[in-house]
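**Q** Here you go, one structure.
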Amino acid sequence: ARGPKKHLKRINAPKSWMLNKLGGIWATRPSQGPHKLRESLPLSVLLKERLNYALNGRDVTLILNDKEGNVFVDQKVRRDKGYPTGLMDVVRIEKTDQSFRILYDTKGRFVLKSLSKEEAKYKLLKVTAKAIGPNQIPYIVTHDSRTIRFPNPEIKIGDTLKYDLVNNKIENFAHLESGNVCYIQQGNNIGRVGIIQHIEKHQGSFDICHVKDAKGNAFATRLGNIFVLGQGKKLYIELPSGDGVRETILEERKRKFSY
């Protein structure tokens, strides 16, 4: 077996896709792109399983291969049915005039948050690397593999940028520090939202971040799992229903049977 893998069995697909186990043998394997395989949602799954715009792969191909371009990810036309969309990406469907932001719910499943035309013009980026390139040009790399040259010198690794997709400019940024609202992007607490209480430094190991949600529930996670959502309590984006507060088993049961 030389070269890259080209197939993905449905039973081995990420749980976040919520695929029907009996819906066939295969799932669309995401192409190489800005997000990792297990942290992405390919366009074909998004169109078939989430938006119900297509019944099969042929329908997906017809939608994506529209002459003028029908599906835009971060303001760019995408025609590859395996293109990996991921956290904070803005997906626009031209024919239906709809825009969505890709987020996780509190159970770690991908959800699409509907956006207005103004909200669809920007996205949030987490800074993952910072360096100085050839000719002493400073640059930063973000979680969706963007390279931005000549950033504000105050921006550090772990900070969040509010990025204008139309003009390709950084509008604003928020530091990874106590008092800011954050979103958990990985781990057991994925999808939860809360305010950073304090950060424990552990030399040679993982730094731990303590967070408290809107209901006062406290939890801790690795610092690398934190995605800052804004400065203080002011959010740069709108959250999906539930506002990132995880229900207990009893609360969920009560909600389901309260009809």
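Cβ atoms are placed via backbone N, Cα and C, with glycine included.
Given the structure is predicted, the values throughout are model-derived calculations rather than measurements.
The domain 'S4 RNA-binding' annotation in Swiss-Prot covers 41-105. Positions annotated as phosphothreonine by Swiss-Prot, on the basis of experimental evidence: Thr248. As annotated by Swiss-Prot, phosphoserine applies to Ser258.
Show me how these features fit into the structure around them.
**A** Long-range Cβ neighbours of Thr248 (phosphothreonine) (same chain, at least 6 residues apart, Cβ-Cβ under 8 Å): none. DSSP assigns Thr248 (phosphothreonine) to coil, not to a helix or a strand.
Counted within 10 Å of its Cβ, the other Cβ atoms near Ser258 (phosphoserine) come to 6, all protein chains included.
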**Q** Under the DSSP assignment, what numbers of helix, strand and coil residues are found in the domain 'S4 RNA-binding' (41-105)?
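**A** Computed counts for the domain 'S4 RNA-binding' (41-105) are 16 helix, 21 strand, 28 coil.
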